[in-house]
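TrEMBL has this to say about the protein:
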{"type": "TRANSMEM", "residues": "83-103", "note": "transmembrane segment"}
{"type": "TRANSMEM", "residues": "109-129", "note": "transmembrane segment"}
{"type": "TRANSMEM", "residues": "195-214", "note": "transmembrane segment"}
{"type": "TRANSMEM", "residues": "220-240", "note": "transmembrane segment"}
{"type": "TRANSMEM", "residues": "343-362", "note": "transmembrane segment"}
{"type": "TRANSMEM", "residues": "382-405", "note": "transmembrane segment"}
{"type": "TRANSMEM", "residues": "417-438", "note": "transmembrane segment"}
{"type": "TRANSMEM", "residues": "464-490", "note": "transmembrane segment"}
{"type": "TRANSMEM", "residues": "502-523", "note": "transmembrane segment"}
{"type": "TRANSMEM", "residues": "548-567", "note": "transmembrane segment"}
Amino acid sequence: MAIGAAHDDEQFDGEKWVHDSSIDHKGRIPLRASTGAWRASLFIIAIEFSERLSYFGLATSLIIYLTKVIHQDLKTATKSVNYWAGVTTLMPLFGGFLADAYLGRYFTVLASAIIYLMGLTLLTMSWFVPSLKPCEGEEVCQQPRKIHEVVFFLAIYLVSIGTGGHKPALESFGADQFDDDHAKERKSKMSYFNWWNFGLCSGLLLGVTVVVYIQEHVNWGTADIIFTAVMALSLVIFIAGKPVYRYRAPTGSPLTPMLRVLVAAFAKRNLPCPSDPSGLYEVAKSEKTKGRLLCHTDKLKFLDKAAIIEDNGNPVENKQCSRRLATVTQVEEVKLILNMIPIWLATLPFGICVAQAATFFIKQGTTLNRDIGGFLIPPASIYALAAIGMIISVTFYDKVLVPVLRRATGNERGIKILQRIGIGMIFSVITMVVAALVERKRLGIVKSNADNNLPEKGSMTMSVLWLAPQFLIIGFGDGFALVGLQEYFYDQVPDSMRSLGIAFYLSVIGAANFLSSLLITAVDRITEDHDGRSWFGKDLNSSRLDKFYWLLAVMTLANLCFYVVLAKRYSYRSVQRSSSVAVADCYDKDAEEV
């Protein structure tokens, strides 16, 4: 049935058909009973499980590979990991833009998965092809071949490029399977991000235990084969789900209407803003074919001038002059993006704390006794505790806290999104305090063994389980803050920028990784100039990570106070639900906060 025929015959039967600008795989209006919702998103969560297994199996052991095989020192290896993680989490800004504007989310995921697979294939070849191997023979080489180093970095940065399209498009594609205008599906969508992260953490858990064990006790190449096979399988799964997906057609560059608002507001800067928002230009909801109408807000009122209809005797001509006239919805979309900038900046210190878990926390594990009941735990496997903490956190939040909080607050989400993020930030402060105390104890044991002429033991008399609290706590925090950030940046961006919204969330982590590297460099130089001994030595035993952790705890706590002020003053996006309203104030009874 064609779209026009469905429109005429079904009269927009909301229970049978989905009328949210989605189409099915044949370009028709989707049937609610056979497309989207959990039947489609479970496919997508399964793919995320497979991809995250590969990604975290590579990412969490990367610092070990760089120090053991590439033979980089601790500072260089840490910076290399942070740069790679930064690129990996900033590339989604480009991938998300392509998905929203030109390719669509489905084809972006498809193309990026192929690039991702190419990177993993090259990574496997760098270990098994004789001319690309680190060195001849099976022995550990003191200096790897330059060709191996080049191919290795080329491979992992191909993975970065693949992730750049895969992450923002896949997660937003999964959220697109739920209809915001259908009460049941809207509530399911609020759980979607929790279960998305449950699948993510399950893949992470398997990646940093089974796969990392293979890296440690078999060889890196066998693990690379597993990564490649799992990614190929996820690609097959993704294609198999094509008939049940709901699709959104790309809408062109989302930057164009935003630029129009800025140009129009500047051109009419001398006009007075009307006291009544009904005097601003907006299309009728019946004429709005893509996205939803937003309510007018009183913030950043100078932008409202873009929606003023100039009185020159020809209102029709004025409305057609797109360079000097924008709709209220377009103005509000620009306000949304501008209001997000302070929140984005305020979450960066949290991201810096998260960055330590994949670098210094794991490296600490190499200096401790990893023998648990006769079983030698690989250093990167300790990261599994962060995944376990996150799984516990999101499950408890979704199944226990949300139902209770819904009844207590009357809010569909239980608590506001920014409140959830703030709780996660509190956990990050606690994590840094605990990490500082544990590291101080470890350094005390190193000094004690050295004083007793046992320097070769270092801190090997201390169990690796001392690291468990900091990993678990950061996992609990991730369950609140990271999931909250995903939900915030997906829900609060304009409808035409959903993939970019997920990319904004990822860019917090990416920018934080770069900032972490810059902070390490700055602290290294400052502390070395002060007393001649840097907080970052050639190894952990000659470093003072405990002081660095205290610095992060103070920075994050101070930033949390700033964040609380921002969160209290923040106005959430408000969507018009009534078809009769053209321009509404956010406090209108027909408007609904999302």
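Placement of Cβ uses the backbone N, Cα and C atoms for every residue, glycine included.
Since we're looking at a predicted model, the values are computed, not measured.
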Annotated stretches the transmembrane segment (548-567) and the transmembrane segment (83-103) touching (3 or more Cβ pairs under 8 Å): no
Positions on the same chain near the transmembrane segment (109-129), where near means CB under 8 A and six or more residues out: 51, 54, 58, 95, 103, 148, 151-152, 154-166, 169-170, 173, 219-221, 224-225, 227-228, 231-232, 234-235, 238-239
Segment proximity, the transmembrane segment (220-240) to the transmembrane segment (382-405), 3 or more C-beta pairs under 8 Å: no
Considering the transmembrane segment (464-490), which listed stretch of 83-103, 195-214, 343-362, 502-523 counts the most C-beta pairs under 8 Å: 343-362
When counting Cβ pairs under 8 Å to the transmembrane segment (502-523), the leader among 83-103, 195-214, 343-362: 83-103
Non-local residues, at least 6 beyond the ends, that sit with Cβ under 8 Å of the transmembrane segment (343-362): 59-60, 62-64, 78, 81-82, 85, 379-380, 382-383, 386, 418, 421, 424-425, 428, 431-432, 435, 467, 470-471, 474, 477-478, 481-482, 485, 488, 504, 507-509, 511-513, 515-516, 519, 545, 548-549, 552, 555-556, 559, 562-563, 566-567, 570
